[in-house]
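**Student:** My questions will all concern the structure given below.
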């Protein structure tokens, strides 16, 4: 179990190192699975027309078949938007986008009305976004083979009005009233200008096209770069609601330059490494968790997949970990960003840097397997041993057609980890005599087996551990970790680093100098060895046995071993059983005596009732008038409630509750008693005076 734990820790280290490496992979099935999770229709609809287009466009590029039927609801929304005169330019734009994918049945008369509305909007537009949606809608209608006249009568003027919003740094403003420049707006402007060129009835002046080409070059002068070769555009707007993230900004620029390059005859002359850097940016972000960013990633890669600027080619490796023991081959793939096959080319391994700055190999060409589309180097050079390297690859394109332009970059550097089984030889553990250095006890260790050493020593002796490590190429190997741990039966642990000289590893522990570090604790110490490295396939963490150590009694001021940490999960374990001891009940009187006492208590009540009968108590003097009779009745009821309160106090109520209730009843009895007694006194005085 300890051995498996060691291998697991080394595996985690290796995976973390590989994740940090700059290895770009084309679009894969993981993106297709993510698309189905991010774009999930609700009640047969993706939401707004913009969200519907983003979902459908993503599925179209990735070749994903959406299992839910959204055609009916989406086409109904498209028809409603196109037939409504109150629809915004943005809604019309995305309705036509959705229609371009679903091919809905649209009323042609409604489309004719939209054309005149869009042309009027172009003439009255005062912002870049209005022009983008209006001109983009006309371009979409042209692409959908509508027979109506879609040409712009004043294409040159529209071109000038859009070009007037450009800035000296290649960025654009959203409107003349907003002086802040934006790279996102530059992408929108380029895409809009491409639409103007395609809708123009006559050829646009080439000087205007040349000026726009210079703006594109200025825009790319301000491109941002990562250390791994990825390039991106970022906004510089401050406190603006129009600010966009780097993904949406870069995506806007990519759409703009690819759309503009598609309608111009001359090349934009953009450096291929910058186009390749844009592709690396979108591939390097992995799988975005936001549907908008995911759409921008896929749509931008689709634009780069087929464009007239340059098509980026991505060099990737199915695995950056190669095993010498298993004789793994070095495999390299070259594809487009969406995973399509690359044109005829050759991949060369031109260098491999290890711990030193000099290359360990000569340039050699990888063999191409046409069936699998993989470039292979079957046998690694003899100079490559276990360790980490930086391999340098170069892509050499074969003869291509003049119109085919690909971006491969100068050279591609990929971190490679070469692993193997490190041979552990001549392992032994011995107890040495301190004075003469002679061997008293020696055990041969089979670190690949399960043999256990049982040793004993005193404080005047030494413990020696030695072994050798060699790589599959028979070179000396220096692991990241070579540690020896001694664990006392009291859980106190001591860790020592095993030193090395070439292939030989050796550690000598002089117990005489370690008695204070061991806190003068005699007894059994378990011995554990750890040897591990990211490129060592047989990293180990195993027990070697134990040693019975005899150490003198500690002096008075000797240090005490530290308190061992308490397992935090022990607080959730079973608790000790609590045994309660109750006081024995007091002895009670006999039952007969209790009943006799009860009878004596009731006798006064019986005497009271008999006295009332002898006195011939009656209700002849009870008031007959309504008001006095009511007060008299309430007074007697109050007396009865007081008696009932005494009974409840005896049975269940506490003293404070009883006194509180008695105080309220007392105030009530004083009031009604005073009224009835006043009435009786007045009646008695009238009878005496009569």
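Glycine residues also receive a Cβ, built from the backbone N, Cα and C atoms like all the rest.
Pasting the relevant annotations from TrEMBL:
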| type | residues | note |
| --- | --- | --- |
| SIGNAL | 1-20 | signal peptide |
| DOMAIN | 27-305 | domain 'Ribophorin II N-terminal' |
| DOMAIN | 313-418 | domain 'Ribophorin II second' |
| DOMAIN | 425-549 | domain 'Ribophorin II third' |
| DOMAIN | 582-682 | domain 'Ribophorin II C-terminal' |
| TRANSMEM | 593-615 | transmembrane segment |
| TRANSMEM | 627-649 | transmembrane segment |
| TRANSMEM | 661-682 | transmembrane segment |
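For each listed feature, how buried is it and what is near it?
**Tutor:** If you average pLDDT over the domain 'Ribophorin II third' (425-549) in this model, you get 93.
Same-chain neighbours of the transmembrane segment (593-615): none, counting only residues six or more beyond its ends whose CB sits under 8 Å from a CB of the stretch.
For the transmembrane segment (661-682), the list of distant contacts is 621, 623, 628, 631-632, 634-635, 638-639, 641-642, 645, 653: same-chain residues at least six beyond its ends, Cβ to Cβ under 8 Å.
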**Student:** Please give the sequence-distant neighbours of the transmembrane segment (627-649): residues at least 6 beyond its ends with Cβ less than 8 Å from one of its Cβ atoms.
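**Tutor:** Residues packing against the transmembrane segment (627-649) from afar: 655, 658, 661-662, 665, 668-669, 672-673, 675-676, 679.
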